[in-house]
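Features reported for this protein in TrEMBL:
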{"type": "DOMAIN", "residues": "8-177", "note": "domain 'CWH43-like N-terminal'"}
{"type": "TRANSMEM", "residues": "6-22", "note": "transmembrane segment"}
{"type": "TRANSMEM", "residues": "43-61", "note": "transmembrane segment"}
{"type": "TRANSMEM", "residues": "67-96", "note": "transmembrane segment"}
{"type": "TRANSMEM", "residues": "103-131", "note": "transmembrane segment"}
{"type": "TRANSMEM", "residues": "151-173", "note": "transmembrane segment"}
Amino acid sequence: FHSNLIKFFSFSVVALVYIRYRQVKELCEKNELKPVTKKLNKICLYLGFIACYGVVMVASFQETNVLVVHLMGAAMCFGLGTIYEVLQVSISVLLYPTFGDKLVIIFRGICAVICLITHGLTFAFGVAAWFQFTGTDITKWERKDGGYDLHLISVISEWILAIVTQLFLVSFAGEFRLVQFSEPTMSPREIA
């Protein structure tokens, strides 16, 4: 159940990444915005999709099953997700004042900085803890196994990173209220 919920979340974020991409693309086409905005938007689309794939990897290959693949997925998810956030803050700044709210941009900036810091802490303390680990099962880390305090700092940082990332994504809700979807047209072809 847990892994399916994470996969569902990942596919929801894929939709969010695509909607944000299309929103910025439309704004670039309708307004005279700096060309870099269009390039950053395209980069964000790919980074967002790859980060979401990382989430699917984390859910599919849990820590107790295939640790290396799980860690690769986490690196994709959090590493590329953090870069996505930083670039989205840049896009938000480039769109302002034509589009967006100053307080929302500041909130996104704070979230991105927190994610940069906690991502660094997660990685640095996680690696340091790994080298001090002397136990037999890394999925059941105990204080006597060595590196426990470092591991704890890494895990707490990872949870803060995950929560702040979700807050960052929620910050798009106000802007998405301005998005209007039209049902796609469909023209069936005749079979010859």
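Indices start at 1 and increase along the chain as displayed.
Cβ from N, Cα, C; glycine included.
Where the annotation comes from TrEMBL, it is an automatic prediction and has not been curated.
For the domain 'CWH43-like N-terminal' (8-177), the model's average pLDDT works out to 93.
Same-chain residues lying 6 or more positions outside the transmembrane segment (67-96) and placing a CB less than 8 Å from one of its CB atoms are 17, 20, 24, 27, 33-34, 36-37, 40-41, 43-44, 47-48, 50-58, 60-61, 102, 104-105, 108-109, 111-112, 115-116, 119, 122, 138-139, 158, 161-162, 165, 168.
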